[in-house]
Amino acid sequence: MPTHSRSRDRYGGRDSDREARYDYDYARRRYATDDDDDYDDDELEHDLTERRYRRDGYRPPRESRARGYYERDAEGAADEELLGNERDPGPRASRSYGDDYDARRREHSRAREAPRRSERHRDRDREGRSRRRAYEDDGRHRTRDGRRDRGRESDGEARRSRRREAGRETAARKHRSSDSTNSASHLLSADALAKLGAQYEKEERRKREIAKDAAKAERKRQKKLAVVGEETRALRDPPGESHRDRTKARVASGAYLEEGRSPEMRVRHRGGGGPAMEARWRKEGSWGGTMDDSGGGRPFWKRKRWIGLGALIIILVIVIPVAVVVSKKHDNKSDPADSQGTSPGKSNLDGLSHDSIPAYAQGTYLDPWTWYDTTDFNVTFTNETVGGLSIMGLNSTWDDSARPNDNVPPLNEPFPYGSQPIRGVNLGGWLSIEPFIVPSLFDSYSSVSGIIDEWTLSKRLGSSAASTLEKHYATFITEQDFADIRDAGLDHVRIQYSYWAVATYDDDPYVAKISWRYLLRAIEYCRKYGLRVNLDPHGIPGSQNGWNHSGREGVIGWLNGTDGELNRNRSLAVHDSVSKFFAQDRYKNIVTIYGLVNEPLMLSLSIEDVLDWTTEATKLVQKNGITAYVALHDGFLNLSKWKSMLKNRPDKMLLDTHQYTIFNTGQIGLNHTAKVNLICNDWYNMIKEINSTSTGWGPTICGEWSQADTDCAKYLNNVGRGTRWEGTFSLTDSTQYCPTADTGPPCSCANANADVSKYSADYKKFLQTYAEAQMSAFETGQGWFYWTWRTESAAQWSYRTAWKNGFMPAKAYAPSFRCGDAVPDFGDLPEYY
């Protein structure tokens, strides 16, 4: 009897010897299992941690799983980095309030010891205060003493003028004298003396104008003080403290930076100056046109303006060419054959009035004027709901006559499940974020910031999360993708969504409900191109597996822990709403598979609890009118275990299994030909058997698989985690799991991660054969869904990239290789990639 696809026993003992040394902390840890070869062993009572079908290196989350982020304030850490040049020199560690206070106290002490150290503060006393304001704040009579000061200034100016006149007369006598002691070769001519005198007079006039302006500003200030009176004095800063001193030390936040106002912060430093403050001062009329206390000279911000402008030009000269090069490189690497438009469409709002939206709905997710993209949405307002879920954006009519190709019936005719295989793709990383699919959302954060999943990303983005993620929803998958899916010969789409498309709870930072609108539009695009839909709840309340693609990496809180029962009920409430919505007539022909939960980790959860919930959820959605097949995941149990499980289940249920070789250290190290043989021998028979109601469980689909033969894709094993292929995955073991690990040369991810334009013909031939072998094996069951349709840079995980670059069949229903055919020769293809 063939071994299970996820078994490592037949490949020698090195896997089991190293099992205890492997951490289970990786993003798609759902895949590698240490399965039992005995298909007849159906006992479920053994301790889960002792089962031979345990996933490779798995340890229960509550024992060994690292959360992957620190409990420290991640937002503060990033602000430290972003504002590093603004702070005092020193370590970048986050400082406490006490540290900030000590720093300010030391700065204050320096002001007392050396008030003239800085030219900008020569008018301050040893206490760091403005000499003028210090005296005023000590209780002077402002009106009387102001007149006295102006009188003293006038007397002083008169004395200085007499001294200057005396000096000029002395110089003139000297140059008029014929005395040899007063003669020299460098004596100036009369014209030169005249020019010098004119220049001197011009300088004097400028100084007098400055003094006049200063006096005018002082009179204006005194006048304002007299009008405001005691109220103004009550609001005045205490002696020795300016307004700037009261500003909080931290002036930056993630949201502030997201708004594009970081240049303002660089000017503001720790709370003073900058465009925002200057505009406010002008508006209040309390700014005399300068930031200099003396009232003279060019204002600080004007002196800096030209310097800043010059620096900005230099930066742009450097940054723009680099950005263009990086952008071109990124586009070529992710999908060289195509590029997605990023300009939002809002033309269907033309001619409409915002007043057509009720006041209570304006500014909410029901207001199309707040949407990033309104293309193909019905923007006529409605607050109607079904199952508590909005229908806003939908048209009232639909057409189910389309078909994707001649091999598939149109939507208004039943699909022959059981006699014709499903050929579909997933839309992973779109409405449920996954780092390795969209690394650009995570690349801007440092490794210590702890931004590792949608929870931490949404929390970090704060008020900008909605706009950032909606732009991703609108641009990552568009109508053109559904047209391409049809043209590739595919006929089904498995669409991921998470519970926050429906509702959020407690302190959830997730963006609520916006993805719901894009889910509904995606289904309408599927309808247009004749594609049937498999709904896949990828994240449910509490997390069903503790992995990043469930929304939050860490502890499993569904059916487990303190809030396990609470989240159980919440997940049923989500299905109650969603099932009522998709039980509408408009979805009867198109939503043909209804998923319950993606990849519940039954190696950690109570199997009985999961099965009880599955039965209850299935009965609930069917009671609400769902006639589609209901899909449940195998939970990573050995498929042979399912032969005796849920025998008395409700009707129309599918078992969903996800198969990958690269997360199993016994399989990732096979050479190219051996991997194809594994698929066509072991997997082929395994799927065929479990799909039978007499020898297995019954109708079985493969909801996820990939042609990737390495785990080299960036962030695939978690943000910041290495690879098994190069021996950098484990924190304690550097063993490489690749075909040439023992003989050399060392395996490298360079070729697997290279731009697809650099793939050799032999490598493309292998990748296509490897994919077609899996298609053949999974079609012995109900069919398959490839993971995934599109990625930003992981070419071997993108059906779209492979299809457009010649290492997927031109039509999914017409492969060039099937199991039973001779495995082709892959030429001189090296085994180390």
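A Cβ is built for glycine as well, from the same backbone N, Cα and C atoms used for every other residue.
The active site, proton donor annotation in Swiss-Prot covers E599. Among the features that Swiss-Prot reports, active site, nucleophile is placed at E704, with the record citing similarity to another entry. Under the heading compositional bias 'Basic and acidic residues', Swiss-Prot lists 1-33, 46-75, 97-172, 200-217. Marked as compositional bias 'Low complexity' by Swiss-Prot: 183-196. Positions annotated as N-linked glycosylation site by Swiss-Prot: N332, N378, N383, N395, N548, N560, N569, N638, N671, N691. Feature annotation from Swiss-Prot assigns topological domain 'Extracellular' to 327-833.
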N395 (N-linked glycosylation site) versus glycosylation sites N548, N569, N638, N671 - nearest by Cα: N569
N671 (N-linked glycosylation site) in three-state DSSP notation: coil
Residue among the glycosylation sites N378, N548, N560, N638, N691 whose Cβ has the most other Cβ atoms within 10 Å: N548
For the compositional bias 'Basic and acidic residues' (200-217), the number of residues DSSP places in helix, strand and coil: 18 helix, 0 strand, 0 coil
Spatial neighbours, same chain, of N671 (N-linked glycosylation site) - Cβ under 8 Å, 6+ residues apart: P739, E831
Whole-number Å value for how far N560 (N-linked glycosylation site) lies from N569 (N-linked glycosylation site) (Cα to Cα): 12
Cα-nearest neighbour of N638 (N-linked glycosylation site) within the listed recorded positions, N383, N560, N691, E704: N691
Closest of N548, E599, N691, E704 to N560 (N-linked glycosylation site), Cα positions, recorded positions only: E599
Where N395 (N-linked glycosylation site) sits in the secondary structure, as DSSP reduces it to three classes: coil
CB within-chain contacts under 8 A for E704 (active site, nucleophile), separation at least 6: N426, H658, Q659, Y660, F785, Y786, W787
